[in-house]
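I have placed the structure first, in the form of structure tokens, so that the comments after it can refer back to it.
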């Protein structure tokens, strides 16, 4: 017959205890520092950024109806992965703050929805990095840098897939961090390094194309600025994820920040596609002012191919699908 615990070992909150103190008194020691507030804020901010992603996808569908089917499929795939991701993190928030709220013994385990969200995030990141890697190839016509960045993207996805599979075992957070924390560190380090390599390569080849002709200087300057901004943002986000995980494992602020940074890849990818209209307008104004060649009114691949032999080829290669 099982024995009941001694009353001396049970901590009973006093009548003057606050609700938070009562809750902490029944939570396991490993869960007393979980920041539900940070988790809530992270999910809400992520939802706002998903609204930005959805707006970008809507603008893309209206502005570029003549894009290739492959590009449209890629955009749709990225958006649906983002949708699945927000559903997963919303369910995670519901589990932590509603369904498991009265069951503190469950709060130490990784929700299956949180585990699944990592896979969708990795798919979006790989698509965005692969897209920008392809742009590097169109600019330099060499494979060594794109192969490096594509390899790092697949390592990022592969490492995340391992995290996903291990998370299916419903391990406690503490156990998972002990056994697989090194893999999370590696994943975020790879993502940060890859983003920096992509940004530096794009800036280098765009700057080289800028030097070949001053007719595209305004456009390339804008491209370089945008490339630096997006590359720095995504890389810094991955580094901050790593720092939060290493220094603040017990409060799980790193999870909240991860929810936010998951949107950066899709936003940078879609913003890059939608910026073609603005860049083309800047280019047309620059060309018309110099009266060196006629204005171009469409954004189809056929128009780009007709310009590949011009001194502006770096600009057109960057924009080609």
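Cβ atoms here come from the backbone N, Cα and C positions, even for glycine.
Quick look at what TrEMBL lists:
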- 34-53: transmembrane segment (TRANSMEM)
- 74-98: transmembrane segment (TRANSMEM)
- 118-137: transmembrane segment (TRANSMEM)
- 144-167: transmembrane segment (TRANSMEM)
- 187-207: transmembrane segment (TRANSMEM)
- 191-277: domain 'DUF6534' (DOMAIN)
- 223-248: transmembrane segment (TRANSMEM)
- 254-273: transmembrane segment (TRANSMEM)
Cβ-based contact of the transmembrane segment (187-207) with the transmembrane segment (118-137), 3 or more pairs under 8 Å: yes
Positions whose Cβ lies under 8 angstroms from the transmembrane segment (254-273), at least six residues beyond its ends: 35, 38-39, 41-43, 45-46, 49-50, 52-53, 56-57, 60, 64, 71, 75, 78-79, 81-82, 85, 89, 114, 117, 121, 124-125, 127-129, 131-132, 226, 230, 233-234, 237-238, 240-241, 244-245, 248
Overall pLDDT of the domain 'DUF6534' (191-277), taken as the mean: 82
